[in-house]
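Heads up: the structure comes next, in structure tokens.
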Amino acid sequence: MRALALLLALPLLGARAQHGSLWTYSEGALDQVHWPREYPTCGGTRQSPIDLQRRKVQYNPSLKALKLTGYRIQVGEFPMINNGHTVQISLPPTMRMMASDGTEYIAQQMHFHWGGASSEISGSEHTIDGIRFVAEIHIVHYNSKYKSYDIAQHEPDGLAVLAALVKVEDYGENTYYSNFISHLNNIRYPGQSTVLSGLDIEDMLPENTHHYYTYRGSLTTPPCTENVHWFVLVHHVRLSSIQTWKLENSILDHQNKTLHSDYRRIQPLNGRVVESNFVNLPSQGSEFQFYVNKLNNKLEYLRRLLEKTKVEKKPHIHQA
């Protein structure tokens, strides 16, 4: 088991050797503010994530719904790893996404961004009218015109990411996430991996995947290459408070600390156009609504903290 863990950790050790120190989100010499020092593209003009300001989004009636194939019930084994920055699941090439312009993209992997720190409970990367959601799911694809992800990641039209924002309110358990969340304890430390048996990505997404925002941007982690066609779904994934707490508190980072707030800060739009394939609803970005949402976030944090306390204090029944 130790030999396997060491083998899986070799790419992480290689990254440390190549760049001097591992990049982080908020600590050390290579936190996200200083990424451009060793990854110059991270200081580019077409970076992600961005704030999706609905009153500025341009409706494009020619944009059609995304065509997702192979997302429904995949049989087999799917490696899941703690890479020190997030939880990442490898996906089969039978999963495809076709954009409105006819470009077909092949799924490579999916990963998650979340909050969890006491001062900031929300951890989505994209925001809507300045409002940050609890978490965000990214399904990374590469352009099928290229033979592999390794080739496509260096090409100007190489990548596409399908993103879904996560809400948590008084929802019951989302059973489509039960298998995934139950495996988090198996990858507590960076480099550890486990295997998911069977995966239904379609059910892990919002029920409605027809409406989206789209723009041209970058990867949100180093090397921040500016070759990503982003599709951010309008409708949300719903998780229970307990599921969200487990996502936020189950794995450790490279500093042996609980991995919290693994999201990049909002980047300037720099004149880019954000389009949608639906007519926007009236904006909720007023100052009043902003503070209402902020208060709701704080109340949600306190509620989840109470739920956590209840779980920890739940008596254990010992059988004779």
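Using N, Cα and C of the backbone, Cβ positions are placed for all residues, glycine too.
The active site, proton donor/acceptor annotation in Swiss-Prot covers His85. Under the heading Zn(2+) binding site, Swiss-Prot lists His111, His113, His138, citing similarity to another entry as support. According to Swiss-Prot, the feature substrate binding site maps to Thr220, Thr221, an assignment based on similarity to another entry. Annotated disulfide bond per Swiss-Prot: Cys42-Cys224, in sequence order, evidence recorded as sequence analysis. Sequence annotations record features per position, and here Swiss-Prot assigns domain 'Alpha-carbonic anhydrase' to 21-278. As annotated by Swiss-Prot, N-linked glycosylation site applies to Asn256. Annotation comment: Swiss-Prot describes 1-17 as signal peptide.
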Which residues, same chain and not among His111, His113, His138, have a CB within 8 angstroms of the centroid of the CB atoms at the recorded Zn(2+) site?
Thr86, Met110, Phe112, Glu125, Glu136, Ile137, Ala163, Thr220
Just to verify: the residue among Thr220, Thr221, Asn256 with the fewest other Cβ atoms within 10 Å, which of the recorded positions is it?
Asn256
Within 10 Å of Cys42 (disulfide bond) (Cα to Cα), which of the recorded positions His85, His111, His113, His138, Thr220, Thr221 do you find?
Thr220, Thr221
Let me know how many other Cβ atoms fall within 10 Å of the Cβ of His111 (Zn(2+) binding site).
19
Out of His85, His111, His138, Thr220, Thr221, point to the one nearest the residue listed as 'N-linked glycosylation site' in space (Cα versus Cα); all of them are recorded positions in the record.
His85
When you measure from the Cβ of His85 (active site, proton donor/acceptor), which residues in the chain that are at least 6 apart have a Cβ under 8 Å away?
Tyr25, Thr221, Asp253, Leu259, Asp262
In angstrom units, rounded to an integer, how far apart are the Cα atoms of Cys224 (disulfide bond) and His138 (Zn(2+) binding site)?
15
Return only the integer: C-alpha distance in Å from His113 (Zn(2+) binding site) to Thr220 (substrate binding site).
10
For His113 (Zn(2+) binding site), list the number of other Cβ atoms lying within 10 Å of its Cβ atom.
26
